[in-house]
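As structure tokens, the structure follows; a few thoughts come after it.
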């Protein structure tokens, strides 16, 4: 009787780590607060720009409010949400000689790290790409409608959000590689694969 109890207890394995990893895999939003603020500041800046005349007749108050929202968005995306949601970060470093260096890093994906899920990555990149496009539309609308007093603010919005987009694209493809090099390498590989496949087909037909 004692022997059977010992055997039963030896077969039981209590692995709480695997249950936690499975729960993290199933979680759609692992960082809800970071995901919220990733969209909150930039969407709030766009909404305030569109409807600021409804809330206040003061141009200075609207200008300062939108500029603050854009600044908060730039800081939070660059320093917090990019690191938590997609495991990427970029910054500028000045060495002892006074030279400026741009550093782009990508965290290696593993089961035990705190990188965001696929849903968070989609939200991150969609917000990062769509919002600069909206500010670009605002730029042309201010030019065509001759509302030149808003032009400086719209340019600031494009600059701040495009800077984050450019930095995270470099983190994604590798900081030492340029976008043109990656594109040319992809096209050359595609052409090479097509040419090699055609040559295989021609050799096969000649043999037949």
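Using the three backbone atoms N, Cα and C, a Cβ is placed for every residue, glycine included.
TrEMBL lists transmembrane segment at one of the ranges 150-169, 170-189, namely 150-169. When the ranges 14-32, 33-51 are checked against TrEMBL, the one recorded as transmembrane segment is 33-51.
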